Every structure is written in structure tokens, then in C-alpha cells.
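Beneath this line is the structure, given in C-alpha cells, with notes to follow.
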Amino acid sequence: MASIKETSSIVTLTHPDNKETSVTILKYGATVYSWKREGVEQLWLSSAAKLDGSKPVRGGIPLVFPAFGKNTTDKYLKDLPQHGFARNSNWTFKGIVRSYPPTVQFELNEGNANRELIKAWPYKFTILYNIELGYDHLKTSVDIRNESDVPFDFNWLFHTYYNIQDSIENVYVHGLENQATHDNITGKAAVEKNAEVIIDREVDRRYLNVDVKENITILNKKTNQLVHGLIRENLSDAVVWNPWIKKSAGMGDFEPKDGYKNMLCVEPGHIHDLVTLRAKQKWSASQYMY
Ligand SMILES: O=P(O)(O)OC[C@H]1O[C@@H](O)[C@H](O)[C@@H](O)[C@@H]1O
């Protein structure tokens with residue numbers, strides 16, 4: 001039997017076959033902020049991250065909904081903060097929904113979402129968020145249901161911060177060659193020429209419409225061994241983000257300051273356009289990390 005520990009602010013799930021394999025979720029944002037596989041932390045978390053609900057968590061897996069970045073054009077989304085309100089809302093813990101692999105569920109709807117922020121977005125919805133702890137993987141899945149009588153538009157993205165135990169200089173991202181990109185820093189579109197995407201400066205790049213049959217992996221430069229692997233369902237875009245020296249220096253909740261050497265965000269999402277969800281319809285997506 002998996003063990004679950006719940007406090008007023010967090011839920012920790014431990015795998016039945018290995019007590020060193022666990023996942024910890026903050027109810028605020030339903031933010032997974034630790035995933036240990038056989039005792040080894042897989043996610044990066046800033047030592048200055050706020051875990052008290054005063055701001056989104058700098059690290060782990062913040063959830064981005066219903067807007068990616070700062071939307072400036074949509075009638076309602078433009079009044080929301082960067083990355084929407086899901087990561088700044090207290091989600092309801094619904095308990096364990098499957099015993100093997102042990103899976104816990106959280107729910108967000110217009111009733112428990114951040115009261116100030118939800119004022120800008122006049123829809124009824126239910127998001128069920130499942131976190132499945134495998135002995136060798138973590139799968140996070142989302143079902144979004146439009147409970148309104150009219151359609152609504154949204155982005156979804158898992159803002160995953162991977163822990164790069166070895167330095168960032170020693171890894172590359174694979175699976176993005178020939179993909180269309182949009183650079184968030186320069187605003188320019190391009191095509192990725194590299195089979196091995198290295199991170200040696202600030203990188204903030206959207207990869208658009210990447211075939212979901214393609215796994216995205218982080219590999220060791222010297223040995224080509226797998227550091228992290230990602231399988232996506234219904235999430236055709238991916239952001240690759242590392243703030244590097246200057247940007248992390250400017251973020252008060254980013255510590256240690258050289259932490260950029262030990263993290264890399266590879267964020268699967270639907271952001272090339274907005275998903276339109278018709279009344280009473282459901283949209284589902286997941287990321288499987290191994
Ligand atoms: O500081 P925030 O709001 O958590 O965002 C972090 C980063 O999130 C990434 O997804 C964006 O592409 C970046 O532009 C952004 O800086």
C-alpha cells in the first residue's frame with residue numbers, strides 16, 4: 001500500500017515498493033515540488049521558493065492555465081497575470097484515486113480558484129489533476145471540463161523545472177531538431193538546426209507543434225546517457241527555459257544564484273494558439289517523465 005501524508009498545506013505520496021520514491025505536492029497551485037526516484041531528487045526547487053501561498057513556487061511543476069505568459073489580446077485572458085491563476089490558487093485534495101501506480105487527485109474550479117484573479121475570467125469549469133507515482137516515472141494528467149453554456153479559450157502548460165545534478169554544461173536536449181521555434185527574448189521565429197540543443201546562455205524558446213510521438217530527452221553530452229525523458233499526450237508545444245546569470249540574479253526567489261547551472265525547464269503545453277473548449281466538453285493532456 002502506498003502511504004499518503006496530508007497536512008493543511010501539502011500531500012506526500014510514497015511508493016509502496018520503495019520508500020525512497022515519493023512525490024510532494026503543495027495544495028497551493030497543486031504544485032509538485034519534489035519528486036524523488038529511489039532517493040534522487042528529479043525536480044529543481046529554489047531554496048528561496050515561497051511555499052506559503054504568497055506567490056507561485058519557483059521550481060517543481062507549476063501549472064499554467066488559462067494563459068501562457070502575459071496574454072495581451074484576449075478579451076478576458078489579458079486581465080490575468082502572467083501564466084494565469086492555476087498556480088496561484090488553492091486546489092482541493094480529492095484523495096487517492098488509484099492504488100497502483102498510486103495516484104492522487106486535485107481539483108480546481110471557479111469556486112475554489114483565487115478569488116481576486118478569477119473575477120477576470122467569467123467561466124464555470126472543473127480541472128481534475130492526477131499525479132501518478134510509478135516506481136520509475138511520474139505522470140501528471142489533466143482533464144479540463146467546460147461547465148459553462150458557452151465556449152472558452154485557454155492555454156495549458158506544465159512548467160516543469162528539472163534538476164540537473166551534473167552541471168547544465170554537461171547536458172543537451174534532444175528531440176527538437178527541425179522544429180519551428182519562437183524566441184521569447186528576441187521575438188524571432190526560426191527553425192532549430194541542432195540535434196543537440198545546448199544551453200550556454202539565457203534561453204527562453206518556444207518549440208511549436210512538435211510531434212507528440214517524439215520523446216524529448218535531456219542527455220549527458222559525454223556519455224549520451226539519459227538524464228530525463230519526457231513523453232507527451234496532446235501537448236504539441238514545449239518551452240525550453242534557463243534564466244542564466246543575469247535573469248536569475250534579478251529574481252528574488254531564485255536561489256542559490258548559481259542555481260541556473262542545476263536546472264532546466266522543459267515545459268510541455270498547448271501554447272501555439274488557444275484551445276477552444278465547447279460547452280460541456282472535456283480536454284485532456286498529460287506528461288510522463290522517466
Ligand atoms: O517568472 P515566471 O512568471 O514564473 O516565469 C518564468 C518563465 O516561464 C517561462 O515559461 C517563460 O517562457 C519565461 O518567459 C518566463 O520568464
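From the backbone N, Cα and C atoms, a Cβ is placed for every residue, glycine too.
Annotated substrate binding site per TrEMBL: ARG58, GLN82, ARG87, in sequence order. Marked as active site by TrEMBL: HIS159, GLU267.
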For GLN82 (substrate binding site), nearby residues of its own chain (Cβ under 8 Å, 6 or more apart in sequence): ALA67, GLY69, LYS70
Distance, GLU267 (active site) to HIS159 (active site) (CA atoms, angstrom): 5
Cβ-based neighbourhood (8 Å from the centroid) of the substrate site, residues ARG58, GLN82, ARG87 excluded: LYS55, PRO56, VAL57, PRO62, HIS83, ASN88, HIS159
Of ARG58, GLN82, ARG87, binding-site residues neighbouring ligand 1, Cβ under 6 A: GLN82
Whole-number Å value for how far GLU267 (active site) lies from ARG87 (substrate binding site) (Cα to Cα): 14
Cβ contacts of GLU267 (active site) (under 8 Å, same chain, 6 or more positions away): VAL64, LEU157, PHE158, HIS159, THR160, ALA238, VAL239, VAL240, TRP241
Among the substrate-binding set ARG58, GLN82, ARG87, as the record gives it, the longest Cα-Cα distance in Å: 14
